Amino acid sequence: MTALTKPKTLKPGSTLAVVSPASTPRPELVARGLEALHALGYKTVLYPSALQKGPLYYAGTVEERLRDLHAAFADPAIDGILCTRGGWGSAELLPHLDAALIRANPKAFLGYSDHTSIHMWLCNEAQLVSFYAPMVAADFSRENGGEMRSWRHVFDGDAEWSLGAADGLRVLRPGLAEGQVHGGCLSIFAEGLGTPYGPRAEGGILFLEEVGTKPYQWDRMLLHLRLAGMLEGVTGVVFGDMAQCVSSPAEEELLEGALMHALRDFAGPIAIGLRSGHVSAPNITMPLGIRARLDLTDAGNPRMHFLEAATEG
């Protein structure tokens, strides 16, 4: 894939827009998360619909959530855009997002889970690097909810850095792969197939994670990706931390068996355990759209090397 635009770095003193493109967060968790961000030196602007309740389970109407997101991209005083939580609703915004506005004002967009749909849109329509990263209510409200080593590597604009066994990474199938990193929450990623905003991963490393998903559900969704041709051209696969998908060693063994069964026709290296997304541990920041090398040639030292800076300036 072609190189994507990189947003500017985010350092202490940067101003973060706080938005809720999907579901309503708990106000006390947002307040706690904002305190943590302020302690890290960031300024924040809480946008009008960020705490709105309804309609249904949404943080405002489509128009209200869209207005806040566009305003955050357009405002020159805003350096990056950070979501409060996931839930459901981001995909409703996709047909209405202003690609010209966002391309003219490229900024770091941070979120995970339901925001996988926005990450896919930013890659496909705005050609913008984005970040599967800790969120205000979901992560920064917890003590050590955000894993700050990866955060600083990414938002300081470090040219090269890596993740490894200390970050949960371990080998399911050895090998070496290189390419742009794409992916996110598997269910949202798979639901994008057949839409104008669907996922792309050809020539890249595919990162997939989930929460509360049983082995047969992983198997089913991975089969869906395979039958849709999504694994053609993928060079390597990295699965996330499965702590919130299994509750015993037997379930973990069954899940890993299901993953390998679903990917039996995929020849590339496969890793598991990376603590990014739905985790109870400190949440690792995963840049989407930059080149990486997945080195699983040594089972005792698995590495995911990022080969370029994710932010600039």
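Any Cβ shown, glycine's included, is placed from N, Cα and C.
Feature annotation from TrEMBL assigns active site, nucleophile to SER113. For GLU209, HIS278, the entry in TrEMBL reads active site, charge relay system. The domain 'LD-carboxypeptidase N-terminal' annotation in TrEMBL covers 17-133. Feature annotation from TrEMBL assigns domain 'LD-carboxypeptidase C-terminal' to 178-294.
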Expressed to the nearest Å, what is the distance separating SER113 (active site, nucleophile) and HIS278 (active site, charge relay system) at their Cα atoms?
7
Around GLU209 (active site, charge relay system), how many other C-beta atoms are within 10 angstroms of its C-beta?
29
Active-site residues listed as SER113, HIS278, least Cβ neighbours within 10 Å:
HIS278
Between HIS278 (active site, charge relay system) and GLU209 (active site, charge relay system), what is the CA-CA distance rounded to a whole number of Å?
7
For the domain 'LD-carboxypeptidase N-terminal' (17-133), how many residues does DSSP put in helix, in strand and in coil?
52 helix, 23 strand, 42 coil
Going by DSSP, is GLU209 (active site, charge relay system) part of a helix, a strand, or coil?
strand
Per-residue pLDDT averaged over the domain 'LD-carboxypeptidase N-terminal' (17-133) comes to what?
98
